[in-house]
Amino acid sequence: MKKRASVDSKESEDPPQEDYSLDPLDVDANSKTPPAKPHTFSVSKSRNRLFGKSDLEESSPIDCSFREGEAASCPTITVSSVVTSPRPADGPTSTRQLTQDSIPTSAEKPLKLYDRRSIFDAVAQNNCQDLDSLLPFLQKSKKRLTDTEFKDPETGKTCLLKAMLNLHNGQNDTISLLLDIARQTNSLKEFVNASYTDSYYRGQTALHIAIERRNMVLVTLLVENGADVQAAANGDFFKKTKGRPGFYFGELPLSLAACTNQLAIVKFLLQNSWQPADISARDSVGNTVLHALVEVADNTADNTKFVTSMYNEILILGAKLYPTLKLEELTNKKGFTPLALAASSGKIGVLAYILQREIPEPECRHLSRKFTEWAYGPVHSSLYDLSCIDTCEKNSVLEVIAYSSSETPNRHDMLLVEPLNRLLQDKWDRFVKRIFYFNFFIYCLYMIIFTMAAYYRPVDGLPPYKMKNTVGDYFRVTGEILSVIGGFHFFFRGIQYFLQRRPSVKTLFVDSYSEILFFVQSLFLLASVVLYFSHRKEYVACMVFSLALGWTNMLYYTRGFQQMGIYAVMIEKMILRDLCRFMFVYLVFLFGFSTAVVTLIEDGKNESLSAEPHRWRGPGCRSAKNSYNSLYSTCLELFKFTIGMGDLEFTENYDFKAVFIILLLAYVILTYILLLNMLIALMGETVNKIAQESKNIWKLQRAITILDTEKSFLKCMRKAFRSGKLLQVGYTPDGKDDYRWCFRVDEVNWTTWNTNVGIINEDPGNCEGVKRTLSFSLRSGRVSGRNWKNFALVPLLRDASTRDRHSAQPEEVHLKHFSGSLKPEDAEVFKDSAVPGEK
């Protein structure tokens, strides 16, 4: 690139001669330098030199003379857009616009040009020397590092973001230099908070990058210089989109530090004196930092360990910084708390931690959801907080798990986590069981009435039939009316179910198997009613289909009995998995071989059969004798081969007997021998594979029945049947009484002995002010009003808060951890033991 300079034509005749050298950056490396010639520039001493806009702009040529024999010299060329020189004729000064370069005097140091590429290259290589002249350049050109010409045009990346992405051994010396330059050009806040502007990384700032690079020094430096700790990175890469690469962390710097397991940065962001982060801040979908931690959980052991640890630390730190803030009760835009979000996404490890969290520190004990009532050896009686769990609250954990999609991972296993397992059992034992058995009895009575009404239907004439004044007709009409009323009940119940649950097509036949069958039963019955009053005898066909489905739906009520319920689940799974696949392959074989056989058969070759000039291949085309020249009859005959009742010589009306026999033998081998035996093998494998899964599915089905029964109650009735008891378990941070709706569960833990973990009663088993045997304690798996009468935990709290925690005694034998609920038969071990609490 050639550099040019313009020189004032009205200069003095004897200007000083000076030697100038070209800036090496302005010389083309591929061009050859011609022999230097002596030259002289006439420049005014009072001329001010300023930098121009770009090297690419066209410049006016400079005037120079070359004298042979003088020493060769190269001019130093700098950019100037305005040259001011004194002119006696024009007044005090005369200003002239220059397009490219001006020539400095020998007393001034030449300045270097900078563009985006040169700055990016310098910061990427951690080269501070190349940026020595950046500040004078910006000051003289009145530009800032945040100007558009210094940003990546596609992503909006600045030189600070470029430097953050190019750390050398965890540091880049140009970062502090760039921040100092931005401070001196009055653009520090804008510069340090500049973010990506493209749709993929939109919103990511230097602070996000420093946290992602796990660099505490840079995080501190950025926050000290005014970095926004609430900046949200909401580009496509930071959203949770299925099938697309990315990492969702909650958009905010605090959430990023938490989701990448950086507790030191989390504490710094919350406790720094420059700009503390808001612990309750939400992202674009309403998630707080606790929601973000739940989102990044993946149910692996290492991940669950760090997520639960970070969750606990943030919860405790938030309670200390903001004592009155109920961080765990904040909901996102879907109305989910972190607990409900863990349930809806199948994060069973995080769910179990939140439900069973017990914090022994007195100042943070109000964060506990589990309180140890008493402990005796391995036996623990625990009180579980039912807030956000029971169905009395919106988006409760029980409803979220029971009514979630079948694609939710660990859906069946989550109901086995305490206190959910015991809570559902308590509801079933106290009231749902009786209501369910009553409904079962009513349905059996309904089906008997429906069957009798269908069996004794009139057969003479066309419907509707007139009622005769006989006792039998009165009973028949009454049965028909009751049957139709039941059909309307199942129809509207199905409509209500589909409107409330809105199951997807993919999960419709998995989660809504029974509901679909009841709904189809009602449709057949109502269609039969319409045909009956339309004077059509075809009403009988719809009625018998409804009758058959009605008795089949009796399997729905087997979920009230464990063994029959598990058996019904296995039948359902085999129908939906093995039998559906078998039927698809079998129908393909049946249709294919039927079309081949029916094409081969010709009835006209048999004189006993009437000759038909035009063959109709349909179910209605039958001669006086058996004719297999139709697809319908041939399919029926081939079906007999499937069940082993076929005859290879069921007809003689065909040509090419060898071909006919080969077709039949191939069909028998593929269906009767191969497909049927494969179906039997698959069913046996399915039974072995889903034995335990079927039990969990049965528990889920029973849980859905329990919740449906509760939802059918009025609000006043729900409160009357609510499990647990309202108790004062301590004090809130502001000194008020802390009341919780608690549910008691007796557990056995062979690794944690009688240690002071929170609230422990001195007299184990003495929760009512009266003595009770250990066997009763073991059998009492639920909380009733009688158990909780005149019982409060406030005295225990006051006593526990004044004592220091005792260190756990070393165990003599290291046993494998076991945590579960005591069964009634376990009490036999303690038959001869002294009653706890007695002297």
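Including glycine, each Cβ sits where the backbone N, Cα and C put it.
Positions annotated as region 'Disordered' by Swiss-Prot: 1-59 (among others).
Positions annotated as region 'Disordered' by Swiss-Prot: 82-107 (among others).
Cβ contacts within 10 Å of Ser118 (phosphoserine), excluding its own Cβ and spanning all protein chains shown: 14. According to Swiss-Prot, the feature phosphoserine maps to Ser118 (among others), an assignment based on similarity to another entry.
If you look up Swiss-Prot, you'll see 204-229 marked as repeat 'ANK 3'. Below 8 angstroms of C-beta separation, residues 160-161, 164-165, 167, 170-171, 175-176, 179, 183, 188-189, 192-196, 235, 238, 252-254, 256-257, 260, 262, 264-265, 268-269, 272, 274-277 of the same chain, each at least six residues beyond the ends of the repeat 'ANK 3' (204-229), sit close to that stretch.
Outside the topological domain 'Extracellular' (456-472), and at least 6 residues removed from its termini, the chain residues within Cβ reach (under 8 Å) are 531-533, 535-537, 539-540, 543. What Swiss-Prot lists as topological domain 'Extracellular' is 456-472 (among others).
If you draw a 10 Å sphere around the CB of Ser504 (phosphoserine), it holds 12 other CB atoms from the protein chains shown. Summarising the annotation, Swiss-Prot assigns phosphoserine to Ser504 (among others).
For 599-630 (among others), the entry in Swiss-Prot reads topological domain 'Extracellular', with the evidence type similarity to another entry.
The intramembrane segment annotation in Swiss-Prot covers 631-652 and rests on similarity to another entry.
Mean pLDDT of the predicted structure over the topological domain 'Extracellular' (653-656): 77. Sequence annotations record features per position, and here Swiss-Prot assigns topological domain 'Extracellular' to 653-656 (among others) based on similarity to another entry.
Nonlocal intrachain contacts for the region 'AD' (685-713), taken as residues 6+ away from its ends with a CB within less than 8 angstroms of a stretch CB, comprise 391, 398-399, 401-403, 411-413, 415-416, 424, 427-428, 431-432, 435-436, 559-560, 562, 565-566, 568-570, 573-574, 577-578, 721. Summarising the annotation, Swiss-Prot assigns region 'AD' to 685-713.
The feature region 'Interaction with calmodulin' is assigned by Swiss-Prot to 768-802, with similarity to another entry given as support.
According to Swiss-Prot, the feature phosphoserine maps to Ser775 (among others).
Annotation source Swiss-Prot lists region 'Required for PIP2-mediated channel inhibition' at 778-793.
Per Swiss-Prot, the feature phosphoserine maps to Ser801 (among others); the stated evidence is similarity to another entry.
For Ser821 (among others), the entry in Swiss-Prot reads phosphoserine, with the evidence type similarity to another entry.
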Practice problem: Calculate the distance in Å between the alpha carbons (Cα) of Ser504 (phosphoserine) and Ser118 (phosphoserine), and round it to a whole number. | Solution: 56
